[in-house]
Structures are given as C-alpha cells and as structure tokens.
C-alpha cells in the first residue's frame, strides 16, 4: 500500500521513527485548503520530541483565531448586514430571519463549509460533530441555565414552531447519515426547508398583526394580557435574531457605535484616521479589569488588520456620518479587494497568461480610491457611503471563511496528534467555541428580564445553523462530486443526532405538560441530560460501548 493510501493517524499504530518524513510524504496529512500545514508544523518545524509544546502553541493560535472569528462577525460582518437590510428596505421581521440571522450564525456556517470542503474520504465528522454538538449544548446547557436562573412562561406558538421545525431537520439529517450519502436535491432541500421556515415566521407575524388590532377593541385588559403572553410580538418575530423591537434595535446600534471612536467635535483628519484604526479601546481602558485589558491586547493585532481592510458603516443616532472616515475609507478601496483576491488564492493568476490579477485589482482599486478621495470631504459622508457596507460584507465573508478554514485545520491536526475522532473534536472544541458567545448573550438577556428572547434564540439559532450548515456546504460538495456525496458515518455521529433529538423531544413533551412554564427542575434535567450525553459520547469514542455490545 502506497503512502498516498495511508491514513495520517497510522503512525500511532506502526513503528515509524521519522515522523517528519512520514507526514510530509503522506497525502492524508496535507491540507486541501488553508495557509499553514499544521501537521508539518507539529512534526517538522519543531522537533518531534516537542509535540506537547507544538500543541500548546497551536492551542493559543486556535484561541486567537476564534477571537478573530467572533470579532469579525460581531464588529464587521453584522453591521454590514444591518445597513444592507436597511438599504434594501427590508422589514425588521424579514431581515431578522434572513440577513441578520446569517450574521449571527456565520461562524458556525462557515466552519461547516470549511470542514466539509476539507473532508477526506467522505469524513464530515468535524462538521456534523460541531453542528449537532452545538445543538445539544444550546438546547440543554443554555436552555437549562436560563430556566434555572430565571424561571418563566414560554411563548406557546413560537416555541412549538421552532422546536418542531428543528426536530424535523434533525430527523432528516439522521436519515441522510443513516443511508451514508446525500444527493444534490437532498442538500438543496435543507435550504428550501429554511425558506419554508422563513415564510411561516413572516406569515405568522403578519397574521398576528392583523388579528391584534380587532382583538384589542373587543377584549378586556385581562384577556389582552393573556393574548400578548401567547403571541408576544417580540418573541413571535424573534426566532433567530435577538434585536427585533425598535428599542432593541436602538440598543444594538448604540452598542455598535460605542465600539468605534466618537467624533462629536471637529478633529484633524489624520487624528481621526489614527483613532479609527486604533485597536485598543482607549476610552474604556481605565475602567477595564485586568482580564478585559489582556483580551484587548490579545486581539489587537488582528483587529488592526481588520480595521484596515474591512469598511464598516454604522447607523446610530449620535453619529450622523455613520462612521465615515475619508482617509480610512479611501484606503479600503485598495486593501479590501487586494486582501480578498489573495485570501481566495487567485492573486497570482494571470489574465491572458500575461497580466497578473493582483495588478488589475490594484489599478481598479487605485482609481476608485482616487475617485472617493476627491469626491468626498472629511466632515460629511458622501451619498455613496452605504456602498461601502457591500464591500465590507464581501471582505468580512472572506475573512470569516479564511479563519474558519484555519480553525478547522487546527482541530483536524489536534485529532491526528491526539488520535481523537473528528466527531468528538467537533462535539467539544468546535461546538463549545461557536456556542460560548450564545451562552453569554442569552444568559445576559435572561438576567436583564428577557428570558423569552434568549429561549427563542436557543432553538431558532441552531435550527438556522443546521439547515444552512448542511444545505450550503453539501450542495457545493455534491455539485463537485457529480451529484452525490458519499458519507463516512460512525456511531458517534449517529449518537450526536440522537442526542439533539432526545433533547428536543424532552422539551416538546415536558414544556407543554407544565403549561409552558420553564421551571428550575426542567433546567436541571436538561443540564444533567448534557452531562450524560457527554459521558456516553466519550464511552463510544473509547469503544467501551462497542465492546459491551459485542
């Protein structure tokens, strides 16, 4: 058997002395996408005797990339989507379940695209583990924590709608894994199911609005209160996106603008530029605790590069120029497109076999930068300023996808070095990393008196990620594979899907039976369910359960 047919993990079971030569000559150890070959880094760049040190370095690099992924999505990608939805004049409801939901779920979706794009021999365990692992974590730990900390009455229709749709998507995914192949139409079906979900949300919202006015004229105050409990507008219109009401939209816009330097007084253009690209929040620095300061410093190198390459348009009441900075936005006309073509590995391709693509992009970028500089002023945003949101959207997508690729490659390397399956890596590190932000945000919402919004996000968010996290990457993979993608499915992956199903069925039974009251007992049950789930997953990974069954 040639080295091209050998699995990269084979060195754990064979007597191989020169690990560097092995990983360099084995095709399974090479990455199909990404900028760094992390397996080579572990066994070649450093001595094979320093594997522990290499893994520690990669772990901190992984943390850095995860921070970058979160910062890019929150501070650059989502603001662009807000502006795009407003320029397209989309209602809050439609924008919430389309553009802004995509912004919230972008790290999970792009991680799935990267994982499936890098899958070898049909092993999509990393993507499946992350999608289902995050689903189990959110629907048990986060829902359980919110219910334990802030018991409340859930909204009936939104709760049932999201849980039933999510349960249907899980069973469909389980069926795909059971037959170990997915066809193009089946992959597209996941996307279409999401479209159906959006239609149901929008039509339900419109129906509620039509019914609300007549009812308020004929029912007494007590009945109106009951009706609002069952069909609260905030929850009905918030399956995926937390900010839905006008008050909440203002809160998000204020939060976004506070992340940027404020220019209430006239300042020198150069000073404004330096303040805009400064990656450290100097205004809040003195108030920060030591851990917050350490985090500011930790993310500052990447944040500086992001500020120089990704334009951000911010709608806020206290900034009529929407974040316009003449010098910085002029630079974006060059840096954004140039970064994009090199990040997608087409920068050095030639046009007609002669002229390099990066040269053409530089020329076009220089022309646009010159036009922007001479058709604008320092103090007043130009009419075309909103177009920078579209450029920011494209560049932010490339940044997110590039970082997601590197994260996936690092996790695959961890799996190879530690001899852990991709499913378990996805279930733990990737799922926890993608979900920790949801945990903090949803719990904060609950403590501030909005537990219903947090619960809505706990079911609507993972539903969105599952449908598009499977639909988009597998559609691409099926097209590239001639219409069908063969899956390499293990017991762990089937167990992951089963874990999400058990969690959802539990909620679908317990919550209605308890009068839609999310009690502390229910929350504790969900947390215990997650612990049992993790223990069983580890037992399956270590073959204990398989050995018992044998």
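Heads up, the Cβ atoms here are built off N, Cα and C, so glycines get one too.
What TrEMBL lists as compositional bias 'Acidic residues' is 224-234.
If you look up TrEMBL, you'll see 235-244 marked as compositional bias 'Basic and acidic residues'.
Summarising the annotation, TrEMBL assigns domain 'Sodium/calcium exchanger membrane region' to 59-202 (among others).
Per TrEMBL, domain 'Sodium/calcium exchanger membrane region' is recorded for 389-538 (among others).
Under the heading region 'Disordered', TrEMBL lists 224-244.
TrEMBL lists 50-73 (among others) with the feature transmembrane segment. Residues 38, 41-43, 103-104, 106-107, 295, 298-299, 302-303, 306, 310, 396, 399-400, 403-404, 406-407, 410-411, 413-414, 417-418, 429, 433, 437 of the same chain sit 6 or more residues outside the transmembrane segment (50-73) yet have a Cβ under 8 Å from a Cβ within it.
As annotated by TrEMBL, transmembrane segment applies to 128-152 (among others). A Cβ distance under 8 Å defines the sequence-distant neighbours of the transmembrane segment (128-152), meaning residues of its chain 6+ beyond its ends; these are 108, 111-112, 115, 166, 170, 173, 177, 422-428, 430-432, 434-435, 438-439, 442-443, 446-447, 451-452, 454-455, 458-459, 461-462, 465-466, 469-470, 492-493, 496-497, 499-500, 503-504, 507, 517-520, 522-527, 529-530, 533.
The feature transmembrane segment is assigned by TrEMBL to 159-178 (among others). With a threshold of 8 Å between CB atoms, the same-chain residues lying at least 6 positions outside the transmembrane segment (159-178) that come near it are 128, 132, 135, 139, 186, 189-190, 193, 197, 200-201, 204, 239, 455-456, 459-460, 462-463, 466-467, 470, 487, 489, 493-494, 497-498, 500-501, 504-505, 507-508, 511-512, 516.
If you look up TrEMBL, you'll see 190-208 (among others) marked as transmembrane segment.
TrEMBL lists 297-315 (among others) with the feature transmembrane segment.
Beyond its flanks by at least six residues, the transmembrane segment (355-375) meets 326, 329-331, 333-334, 336-338, 341-342, 346-349, 382 of its own chain at Cβ-Cβ distances under 8 Å. Per TrEMBL, the feature transmembrane segment maps to 355-375 (among others).
Taking Cβ pairs closer than 8 Å, the transmembrane segment (387-404) reaches residues 35, 65, 68-69, 72-73, 76-77, 79-81, 83-84, 87, 106-107, 110-111, 113-114, 306, 309-313, 329, 332-333, 336-337, 339-340, 343-344 in its own chain, all 6 or more past its ends. Positions annotated as transmembrane segment by TrEMBL: 387-404 (among others).
What TrEMBL records for 416-433 (among others) is transmembrane segment.
Residues or ranges marked as transmembrane segment by TrEMBL: 453-474 (among others).
Residues or ranges marked as transmembrane segment by TrEMBL: 494-516 (among others).
Sequence annotations record features per position, and here TrEMBL assigns transmembrane segment to 522-540 (among others).
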Counting Cβ pairs closer than 8 Å, which of 297-315, 453-474, 522-540 has the most of them with the transmembrane segment (416-433)?
522-540
Sort out the residues at least 6 away from either end of the transmembrane segment (494-516), same chain, that have Cβ-Cβ distances under 8 Å to it, and list them.
128-129, 132-133, 135-136, 139-140, 143, 153-156, 159-160, 163-164, 166-167, 170-171, 173-174, 177-178, 423, 427, 522, 525-526, 529, 533, 536-537, 540
